[in-house]
Every structure is written in structure tokens, then in C-alpha cells.
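Encoded as C-alpha cells, the structure appears first; notes follow it.
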């Protein structure tokens, strides 16, 4: 398996033994250090920044590391799609965004439904190890852990001889207090309502019997398909009698950007996801195709 794991294409759940995961690896200093010091283990980085992904891949290639993997996706969905329950040995979160404003707390990495997903995938005895410079974030995380009732909690201030990153080194040199929180899984978490998407084996094109296509009917539309499920269209391109529609689907926070093609056939048009769009096949993606067909009918 290559360093970069395309979660939409790879066989899931992944089969990578002795696996530890870092969420939000940034420059990649920590995950590379772990991989070099522990050649008998495998390390998986999950990161939403494409630039960070590319930088890590270059570093891994230059150092010849064979035990580092990464993917470009939101951490919750990375765990949801890629790992089976009780599989990951340890999870690392180094200075996650604390999202200071109260109205943004729902974006925090350790809100209960996200922490629930991480706990489900963590082995019994495994640990979620968090470093933060924000004490309020630490307290928030402890409250989320209480909801799940599956962790032994250990906390304290950091006193490190070897900083993980240049930022940690800078903060320590400034005398800033840094905190650590270890959540050790001792039993299965209590159930918490959490986002899910329904995958399907295949997507089916939809045929509409119309003489012509009016782009204004489908351009710049926003349609609610279900609770917390929204389908948006943007620009429409035309080439001869065929069309290409720029689209976005948001399912419980899981985002997919793709194109829908509208191709002329003898007695109408066939609507399908463009073969150049890489998508995760979901029930709501099929509904998106059907929605475009309805707009044209």
C-alpha cells in the first residue's frame, strides 16, 4: 500500500497491523518521529490540509519510511470509513484547534459524537493522547469523556525535554503552560447519536425524455434532501448538446464535490455522475442525480 490512502477507493476497513493514528499532523514532525523510532509499528495520519498531505508524502519518500500512511479527510469520517471497531492501538491529537468562541464549540474535535467514534475504533487498553495549550479545551474534552463513560482519565502539565514541534518549542521557551490529557479506554463507550451515511454498491443513471435542457433550471440551486442533507448546484457548462453541472452534497457534515453530466441520447438525456469525479457512492448521491432529473422534467 502506498503512503497516501484514497479512502474512496481502498478496500475498507483497512488491514494495517499495529496501527496508531495521528489526527491533524500539520508539518508531520510527530508522525515521522514516531515512525522512525518504532519501525515495528504502523502510523496513519489524518489531515484536512492537502498541502500538509503533500509535504508529509515528500518527507516519507525522502526518508524511505515504509510504515507511514495518510489520507485527506475530516477525522470523524476517516475513522468512520477506514477502521473497524476496536482496531486502533493509540490516537494522538497534538494541539487541535480549540475553537474559542462558544458558537464554534460544535466544531471541536472532542465533542461527544466525535469522541464516541474515536473511542469505538480504539482497542481496549488503547489511549487517546492529547496535548493542548488551552485549559478550557481540556475541560471540555473531559466533559465529553464523561458522557461516554469508557475512559480512565489522566491529566497534567507538560514537562518535555524534547518538544514535538517547533511551535511547542517556542511556547515552552516563552514559559507558556502546556497540558496533556490521556484517555485510556477501559470499556465500550455509551451510545451517542452520531452522523452516519448510507453507502450503496452502485449508482444508476437516470433518463429523462425532454427535447432540450434549460441550464437556468439547474444552475445555482440548493435543495434539502433530508434532515442535515443538502444538495447544491453551481455553474453549468455546455458543449454542443451535452452539459456538466458543478455540485456539492452535504450529508450530516460529510461533504462531496463532484460533477453531474447530462448527455444527449436519441429520445432524451441521460444524467449521471461524471466519470472524472471521484465519489463515495451513497444513497443521497443517487438522490442528487434523481433531483437533477426532476428539475429538468
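Count begins at 1; order follows the chain as displayed.
From the backbone N, Cα and C atoms, a Cβ is placed for every residue, glycine too.
Note that the coordinates shown come from a computational prediction; the quantities given were computed from them, not determined experimentally.
Around residue 47 (S-adenosyl-L-methionine binding site), taking its Cβ as the centre, 24 other Cβ atoms fall within 10 Å, counting all chains. As annotated by Swiss-Prot, S-adenosyl-L-methionine binding site applies to 22, 47, 74, 97.
Sequence annotations record features per position, and here Swiss-Prot assigns active site to 97. In the three-state DSSP scheme, residue 97 (S-adenosyl-L-methionine binding site) falls into the coil class. Counting only same-chain residues six or more apart in sequence, the Cβ atoms lying under 8 angstroms from the Cβ of residue 97 (S-adenosyl-L-methionine binding site) belong to 107, 108, 109.
Swiss-Prot lists 101, 133, 165, 166, 167, 168 with the feature substrate binding site, giving sequence analysis as the kind of evidence. Within the same chain, residues at least 6 positions away in sequence whose Cβ sits under 8 Å from that of residue 168 (substrate binding site) are 94, 95, 131, 160, 178. Taken residue by residue with DSSP, residue 168 (substrate binding site) is part of a helix.
The Cβ of residue 167 (substrate binding site) has 15 other Cβ atoms within 10 Å, all protein chains considered. Within 8 Å of the centroid defined by the CB atoms of 22, 47, 74, 97, the record's S-adenosyl-L-methionine site, lie the Cβ atoms of 23, 24, 25, 46, 48, 49, 75, 96, 109, excluding the listed residues themselves. Per-site Cβ counts within 10 Å over the binding-site residues 22, 74, 133 peak at 22.
Farthest C-alpha pair in the substrate-binding residues 101, 133, 165, 166, 167, 168: 26 Å apart. Put simply, 165 is the one of the binding-site residues 101, 133, 165, 166, 167 whose Cα lies nearest to the Cα of residue 22 (S-adenosyl-L-methionine binding site). Residue 167 (substrate binding site) sits 18 Å from residue 47 (S-adenosyl-L-methionine binding site), taking the Cα positions as reference.
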